[in-house]
Amino acid sequence: MTMALSVVFFLLLVSSSTAFASSCPPSDLAALLDFKASMEESKMGFFRTWTGTNCCKGWYGISCDQNNGRVADIELRGETEHPPVYLHSSRIAPTPGFMSGKIPVSICNLDRLTTLVLAEWKNISGTIPDCIVNLPILRILDLVGNKITGKLPEKIGKLQRLTVLNVGDNLIHGSIPSSLPNLKSLMHLDLSDNKLTGTIPSNFGNLKMLSRALLARNQISGDIPSSIGTIYRLADLDLSSNRITGHIPTSLGSIRVLSTLFLDLNKLTGTIPKSVLGSKGVNSLNISHNALEGDIPDVFGPHSYFTALDLSYNKLKGRIPISLLTASYVGHLDLGYNHLCGGIPKGSPFNHLEASSFVGNDCLCGKPLTKKC
Ligand SMILES: *[C@@H]1O[C@H](CO)[C@@H](O)[C@H](O)[C@H]1NC(C)=O
Ligand SMILES: *[C@@H]1O[C@H](CO)[C@@H](O)[C@H](O)[C@H]1NC(C)=O
């Protein structure tokens with residue numbers, strides 16, 4: 001009896017899992033067919049695999065949840081190392097893809113979607129449908145490298161599972177939604193190369209899981225919120241080429257894992273915080289092309305390791321800090337176009353640098369400059 005029951009149970013299990021594995025609910029199928037109808041892609045031709053009624057089997061870029069048979073991932077990249085299988089066997093070398101069209105709102109009917117990647121297609125236009133914020137388990141939203149316009153959805157903060165938000169290299173305008181700091185799972189944020197305006201929300205530091213924040217090449221204004229200094233996992237912060245004003249928050253120096261800090265090409269004023277320049281983690285620092293004043297803090301030591309340290313095009317004065325001689329490594333150094341004076345220290349790292357690292361100052365002297373002290 002027990003034996004018979006478990007056999008029945010086993011058979012049920014097998015039949016149900018095969019049923020799920022090979023099914024595609026009509027609503028999911030309809031949403032994907034609507035997506036296909038909204039898009040135009042002929043170079044790769046992957047839509048040729050989107051035929052029949054089982055979207056979970058053989059449809060390029062689509063995968064389904066094994067447990068419930070629902071569409072879980074749409075992963076379509078225009079530049080990929082894994083082109084469609086049928087292209088491997090042909091003699092055509094994989095070319096970068098090119099897709100036109102707009103993301104239809106019906107995509108929001110795929111309510112078990114965890115991954116939506118439509119990256120590097122160059123010509124996907126239209127806006128990000130606002131209803132995307134209702135996808136309850138969306139984890140990855142990657143639309144990088146297209147021509148998406150409009151604003152970021154105002155209620156984007158509803159996506160409580162979102163770990164990756166990558167919409168870099170598009171034409172998105174408007175400001176960063178005030179709900180964005182509510183994305184409590186967010187680890188990777190890339191809004192670079194868009195047309196964003198407005199300020200960075202002051203509670204940006206609520207993004208406690210964030211490790212990369214890339215906001216470069218927009219038209220963002222206002223201050224750098226000091227709350228960013230509380231994101232203790234932040235490793236890369238790139239705010240370069242915006243219209244950011246105010247001081248560099250001292251709190252940035254307390255992020256232990258911060259290794260790249262790019263604030264170049266902004267309108268920052270005030271002095272360079274000792275905590276940032278003397279930080280143990282920062283190894284690539286670019287704060288050039290701002291209006292920073294005062295002396296360069298004399299805070300270098302054996303803990304200082306810089307592949308690049310660019311302080312050029314500011315209003316820095318005083319002497320070159322002698323403690324730079326104690327840094328364990330300085331690869332690229334640029335102090336040009338400031339108001340520095342005095343002798344360039346002798347010894348490493350100065351003996352491997354060229355005059356271009358020091359040009360355009362008021363009264364620096366000594367090698368590698370031709371002016372003698
Ligand atoms: C790019 O997309 C736009 C808008 O959908 C379309 O009008 C245009 O023809 C597309 N460009 C190419 C080269 O296909
Ligand atoms: C620092 O930023 C400026 C302006 O964006 C750029 O020209 C320069 O190459 C950068 N420095 C380094 C070392 O990358």
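Glycine too: its Cβ is placed from the backbone N, Cα and C atoms.
According to TrEMBL, the feature domain 'Leucine-rich repeat-containing N-terminal plant-type' maps to 26-65. Summarised by DSSP class, the composition of the domain 'Leucine-rich repeat-containing N-terminal plant-type' (26-65) is 17 helix, 6 strand, 17 coil.
Here the domain 'Disease resistance R13L4/SHOC-2-like LRR' (131-211) is broken down by DSSP into helix, strand and coil counts: 13 helix, 16 strand, 52 coil. The feature domain 'Disease resistance R13L4/SHOC-2-like LRR' is assigned by TrEMBL to 131-211.
Residues or ranges marked as signal peptide by TrEMBL: 1-19.
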Integer mean pLDDT for the domain 'Disease resistance R13L4/SHOC-2-like LRR' (131-211): 98
